[in-house]
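A short worksheet on the structure shown next.
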Amino acid sequence: MMPLSRSRLEFIATILQNVLNLGLLTLGLILIVFLGKETVHLADALFVPEQASKYELVEGLVIYFLYFEFIALIVKYFKSGLHFPLRYFVYIGITAIVRLIIVDHKTPMDVLLYSAAILLLVITLWLCNSNRLRRE
């Protein structure tokens with residue numbers, strides 16, 4: 001089998017990068033639609049006087065921030081020269097675990113394990129932002 005030339009490999013990489021960019025752009029637009037739907041849902045939950053709606057409101061707020069963080073991640077990808085910064089994934093992970101604690105807090109051991117996971121992610125975030133792991 002004949003190896004591909006450098007120009008062909010670059011052409012393939014360019015095609016795949018464009019497909020990735022188009023997919024992320026589509027995902028961003030879908031997330032904006034979901035963000036709008038979540039805004040309407042939050043407005044509905046805000047004006048319902050029942051106690052159960054307060055939990056729904058808090059859960060909706062955290063979901064809202066997850067959508068917002070994913071959209072911010074996609075924006076950052078395009079602004080930073082087609083690169084995903086690691087710390088944005090860590091922020092999303094922390095927010096997702098906080099949502100899980102709010103929604104599913106059945107046993108104290110689960111909450112403790114989720115809290116330990118958040119602590120691990122915060123330590124990861126600290127290491128990523130420290131000078132030890134900074135890129136040149």
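Residue numbers in this text run from 1 along the chain shown.
Glycine too: its Cβ is placed from the backbone N, Cα and C atoms.
Note on the topological domain 'Cytoplasmic' (1-14): its mean pLDDT in the predicted model is 86. The topological domain 'Cytoplasmic' annotation in Swiss-Prot covers 1-14 (among others).
Taken residue by residue, the topological domain 'Periplasmic' (36-54) breaks down under DSSP into 15 helix, 0 strand, 4 coil. According to Swiss-Prot, the topological domain 'Periplasmic' annotation covers 36-54 (among others).
Annotation comment: Swiss-Prot describes 76-82 (among others) as topological domain 'Cytoplasmic', evidence class sequence analysis. Below 8 angstroms of C-beta separation, residues 17, 21, 24, 88 of the same chain, each at least six residues beyond the ends of the topological domain 'Cytoplasmic' (76-82), sit close to that stretch.
According to Swiss-Prot, the topological domain 'Periplasmic' annotation covers 104-107 (among others), on the basis of sequence analysis.
According to Swiss-Prot, the feature topological domain 'Cytoplasmic' maps to 129-136 (among others).
For 15-35 (among others), the entry in Swiss-Prot reads transmembrane segment.
Long-range Cβ contacts of the transmembrane segment (55-75) within its own chain (Cβ-Cβ under 8 Å, at least 6 residues beyond either end) map to 24-25, 27-28, 31-32, 34-35, 38-39, 41-42, 45-46, 84, 88-89, 91-92, 95-96, 98-99, 102-103. If you look up Swiss-Prot, you'll see 55-75 (among others) marked as transmembrane segment.
According to Swiss-Prot, the transmembrane segment annotation covers 83-103 (among others). With a threshold of 8 Å between CB atoms, the same-chain residues lying at least 6 positions outside the transmembrane segment (83-103) that come near it are 55, 58-59, 62-63, 65-66, 69-70, 72-73, 76-77, 111, 114-115, 117-118, 121-122, 124-125, 128-129.
The transmembrane segment feature in Swiss-Prot is assigned to 108-128 (among others).
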Chain residues outside the topological domain 'Periplasmic' (36-54) and at least six past its termini with a C-beta under 8 angstroms from it: 60-61, 63-64, 67
For the topological domain 'Cytoplasmic' (1-14), distant same-chain residues with Cβ under 8 A (at least six beyond the ends): none
